[in-house]
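Per TrEMBL, the features are as follows:
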DOMAIN    4-127  domain 'Dihydrodipicolinate reductase N-terminal'
BINDING   Gly10, Ala11, Arg12, Gly13, Arg14, Met15, Gly98, Thr99, Thr100, Ala124, Pro125, Asn126, Phe127  NAD(+) binding site
BINDING   Lys38  NADP(+) binding site
DOMAIN    130-263  domain 'Dihydrodipicolinate reductase C-terminal'
ACT_SITE  His154  active site, proton donor/acceptor
BINDING   His155, Gly164, Thr165  (S)-2,3,4,5-tetrahydrodipicolinate binding site
ACT_SITE  Lys158  active site, proton donor
Amino acid sequence: MKEIKIVIAGARGRMGSEAVKLVEETTHFSLVAVVDHKHEGKSLKDLDGFDVDVPIYTDIDKCFFETSPDVLIDLTTPEIGKIHTKKALLNGVRPVVGTTGFSEDDLAELQELTTEKGIGAIIAPNFAIGAILMMKFSQMAAKYLQDVEIIEQHHDQKLDAPSGTGLKTAEMIAAVREEKQQGHPDEKEILTGARGANYKGIRLHSVRLPGLIAHQEVMFGGDGQTLKIRHDSYNRASFMSGVKLAVENVMKVDLLVYGLENIIE
Ligand SMILES: NC(=O)C1=CN([C@@H]2O[C@H](COP(=O)(O)OP(=O)(O)OC[C@H]3O[C@@H](n4cnc5c(N)ncnc54)[C@H](O)[C@@H]3O)[C@@H](O)[C@H]2O)C=CC1
Ligand SMILES: O=C(O)C1=N[C@H](C(=O)O)C[C@H](O)C1
């Protein structure tokens, strides 16, 4: 298999450090550099916990120019992730984006840029295969049970709410469900936010607690019955087979793919 040259942005983070391991362990992947907001000019091996000798860049354009990667894996923050994704496309580098917190407008802009540049990009709110199945099963269930609420639970260092997965699940359900208001028509929030966020009538609840990693339950209600579809990630290794799949697939597409469910048969 042809070698794929990769840059990782956010390599020191919880997900990024796991992605460094994945790239190192995969024979046809080659890590050529990492992007950080600190440590310009150092090697990754100078930092605690890494023994990989690749340069650290704080300037992503310079990084792309000097290392000519095929793929950028971005695992940073919502704000920075957007900038990196745009810069990757402008530099002819295929982005694989795990970073969440992008708005509909951001996605539309990136889709336009991807089409203009004619190179592939993958934005995946969740790389875990079990989470993809949870979303697909939820979409199936929503055809039969239209009353649904999403409860996503994450560690308390997470920046965005609702999670990318929660939002994507709501979007997938909304695509097959006629929009409706749930609960009592006269219901009133005594405390603002008590009923959660509202995506086309679907309620989304975000729990943030230390000890959690990434969990989501999609709860459906019908006459005298409920159905719960749940996924739990207990560690960040759970996301890595999806990252590998995304890197391999981004080399084969020439458009923006939003969600791994679009490349998993
Ligand atoms: N798609 C998926 O399956 C998953 C996505 N995520 C998402 O990935 C992102 C990262 O999550 P974590 O690793 O938990 O966060 P983290 O906070 O552990 O890591 C973020 C990293 O980004 C770096 N960073 C911040 N500003 C930067 C800049 N200007 N340039 C380069 N690097 C910069 C930080 O130094 C840090 O190392 C989040 O958006 C999260 O929602 C997390 C888990 C799974
Ligand atoms: O920040 C996280 O941790 C996660 N973020 C993604 C999201 O927002 O859905 C994926 C996963 O849930 C972990």
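Residue positions begin at 1 at the first shown residue.
Cβ from N, Cα, C; glycine included.
All protein chains considered, the CB of Thr165 ((S)-2,3,4,5-tetrahydrodipicolinate binding site) has 26 other CB atoms within 10 Å. Here the candidates are the recorded positions Lys38, His154, Lys158, Gly164, Thr165. The one whose C-alpha lies nearest to that of Gly10 (NAD(+) binding site) is Lys38. Taken as a whole, the domain 'Dihydrodipicolinate reductase C-terminal' (130-263) shows an average pLDDT of 97 in this prediction. Ranking the binding-site residues Gly10, Gly98, Pro125, Gly164 by other CB atoms within 10 A of the CB puts Gly164 at the bottom. Look at the recorded positions Arg12, Lys38, His155, Lys158 and count other Cβ atoms within 10 Å of each Cβ; Lys38 has the fewest. Taking a Cβ cut-off of under 6 Å from any atom of ligand 2, the binding-site residues Pro125, Phe127, Thr165 reduce to Pro125, Thr165.
Cα distances from Thr100 (NAD(+) binding site) to the recorded positions His154, His155, Lys158, Gly164, Thr165 are smallest for Gly164. Apart from His155, Gly164, Thr165, the (S)-2,3,4,5-tetrahydrodipicolinate site neighbourhood in this chain, defined by C-beta within 8 angstroms of the site C-beta centre, holds Thr100, Pro125, Asn126, Glu152, His154, Lys158, Asp160, Ser163, Gly166, Ala214, Gln216. The local packing around Phe127 (NAD(+) binding site), expressed as other Cβ atoms within 10 Å of its Cβ over all shown chains, amounts to 25. Non-local neighbourhood of Arg14 (NAD(+) binding site): Gln157, Arg236, each in the same chain, at least six residues away, with C-beta under 8 Å from its C-beta. Per Cα geometry, Gly164 is the residue among the recorded positions Lys38, His154, Lys158, Gly164 nearest to Gly98 (NAD(+) binding site).
Spatial neighbours are here defined as Cα atoms within 10 angstroms of one another, and by that definition the neighbours of Thr165 ((S)-2,3,4,5-tetrahydrodipicolinate binding site) among the recorded positions Lys38, Pro125, His154, Lys158 are Pro125.
In the three-state DSSP assignment, the secondary structure recorded for Arg14 (NAD(+) binding site) is helix. Gly164 ((S)-2,3,4,5-tetrahydrodipicolinate binding site) has Pro125 nearby among the recorded positions Arg12, Lys38, Pro125, Phe127, His154, Lys158, counting only those with a Cα within 10 angstroms of its own Cα.
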